[in-house]
Amino acid sequence: MTDVTLVLNAGSSSIKFALFPAVEGVQEPVLRGKLSGIGSHPRFTAQTRDGTTPNWDAQLPLHPRASHEDLIPALFDWLERHDDGLTITAAGHRVVHGGREHHGPARVCPTLLDDLAELIPLAPNHQPHSLVAIQCLVDAVPRLPQVVCFDTSFHRTQDSMAQTFALPRALSESGIVRYGFHGLSYQYIADRLPETPLGTRSEGRVIVAHLGNGASLCAMRQRRSVATSMGFTALEGLMMGQRCGSLDPGVLLHLLDGKGMSTTELRHLLYEESGLLGVSGISNDMAELEAHPAPEAREAIEMFCYRAACEMTSLATALGGLDSIVFTAGIGENSALVRHLIIQRLAWLGATLDTDANQRNATSITGKDSALEILVIPTDEEGIIASETRRLLSVQPTSSHRTIQQSRP
Ligand code: AMP
């Protein structure tokens with residue numbers, strides 16, 4: 001029997017999952033998959049370590065209206081029935097918001113769940129789904145140890161200047177501060193950097209660009225967060241797939257008072273209808289926009305890159321200079337066009353790309369004469385959750401576990 005850690009990364013319309021061997025260090029998962037299109041057209045993809053794709057759609061309730069509450073127990077049930085020889089000994093979850101109290105991974109208990117529920121208004125698209133995932137496992141396997149890993153934790157090394165809004169002090173003291181997000185991705189990249197061509201230079205001034213459907217930047221020195229583009233919620237900073245990024249707060253007042261918008265409509269506008277989708281009027285998906293002939297598609301891509309380059313310059317100031325840029329996440333890892341357009345705008349800093357390496361999504365895409373190192377490093381949020389879960393449980397050991405039945409057909 002092999003002990004494995006189940007990792008769940010629950011988003012608004014998708015749940016990524018993976019089973020990692022419960023041993024020290026970063027490992028390849030034995031199974032990795034995704035339930036996507038939840039609420040509209042649910043789909044499953046899953047791959048075992050040897051690259052085979054199990055055909056299991058028929059065995060899950062892929063009803064168009066199937067919710068997270070329907071799908072998570074079904075997923076756990078599927079894992080029980082299909083992955084013989086594996087014992088799930090722990091579960092680790094991505095939780096977007098840990099608030100001010102939670103600076104590192106934490107063991108699930110009723111008090112913690114109450115704390116995290118209070119943070120739902122600060123991460124309405126993510127937090128409720130993570131809590132549903134945790135509760136579903138508590139109900140299905142009460143003795144299974146569960147650990148939560150927060151996207152906000154990585155940024156708690158920032159000084160107060162980087163974390164504070166220019167608001168009355170009492171509001172800052174009440175918790176209205178810049179928390180920052182995508183911290184699990186940044187933690188993974190920070191851990192990997194010394195193994196990359198950067199080597200010891202990874203301790204220098206590095207900006208990591210997590211460019212996915214959600215997007216942010218993190219300025220690191222000595223592989224610790226110094227500043228980040230996202231703030232109190234996952235809305236601030238870069239333009240994203242459907243989120244607007246930074247916006248003059250006067251626009252919000254105008255939409256509420258001048259246009260009579262309700263807060264529900266405003267929330268929908270900011271989280272769902274803006275960004276690449278809003279500007280292009282075509283799609284929130286970068287790959288689709290790159291393939292689309294309409295000028296609005298190109299305009300949205302150009303704006304995404306313009307804003308990313310401007311934010312990078314701002315973060316370089318927080319670092320007092322810049323040595324390296326790392327691209328990661330779906331767009332950062334795969335879009336040669338986006339990397340090219342961003343680096344082109346940073347030419348005044350002496351940044352140039354190796355065009356061929358950029359087209360190949362190579363690890364080092366630094367141009368021959370570039371003053372900055374430029375890298376592409378795939379992120380692995382599930383991998384860091386698995387290793388953090390094991391690390392926490394090794395210092396807080398437990399005897400409870402769940403054995404998966406052996407019943408592969
Ligand atoms: P993520 O949220 O990290 O899964 O990233 C999703 C984003 O990555 C979507 O906008 C995708 O269109 C984009 N993406 C993935 N592959 C490519 C690609 N080959 N070219 C451009 N964008 C891509």
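Cβ atoms are placed via backbone N, Cα and C, with glycine included.
TrEMBL annotations:
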BINDING   Asn9, Glu381  Mg(2+) binding site
BINDING   Lys16, His210, Leu211, Gly212, Asn213, Gly214, Gly330, Ile331, Gly332, Glu333, Asn334  ATP binding site
BINDING   Arg94  substrate binding site
ACT_SITE  Asp151  active site, proton donor/acceptor
SITE      His182  site 'Transition state stabilizer'
SITE      Arg243  site 'Transition state stabilizer'
Return only the integer: C-alpha distance in Å from Lys16 (ATP binding site) to Asn9 (Mg(2+) binding site).
5
Can you give the largest Cα to Cα distance in Å, as a whole number, for the residues Lys16, His210, Leu211, Gly212, Asn213, Gly214, Gly330, Ile331, Gly332, Glu333, Asn334 that bind ATP in the record?
19
If I take the Cα of Asn213 (ATP binding site) as reference, which of the recorded positions Asn9, Arg94, Asp151, Arg243, Glu381 has the closest Cα?
Arg243
Distance, His182 (site 'Transition state stabilizer') to Arg243 (site 'Transition state stabilizer') (CA atoms, angstrom):
15
Per DSSP, to which secondary structure element type does Leu211 (ATP binding site) belong, with helix, strand and coil as the options?
strand
Report, in whole Å, the straight Cα-to-Cα distance of Asn334 (ATP binding site) from Arg94 (substrate binding site).
23
Whole-number answer please: how many Å between the C-alpha atoms of Asn334 (ATP binding site) and Glu381 (Mg(2+) binding site)?
17
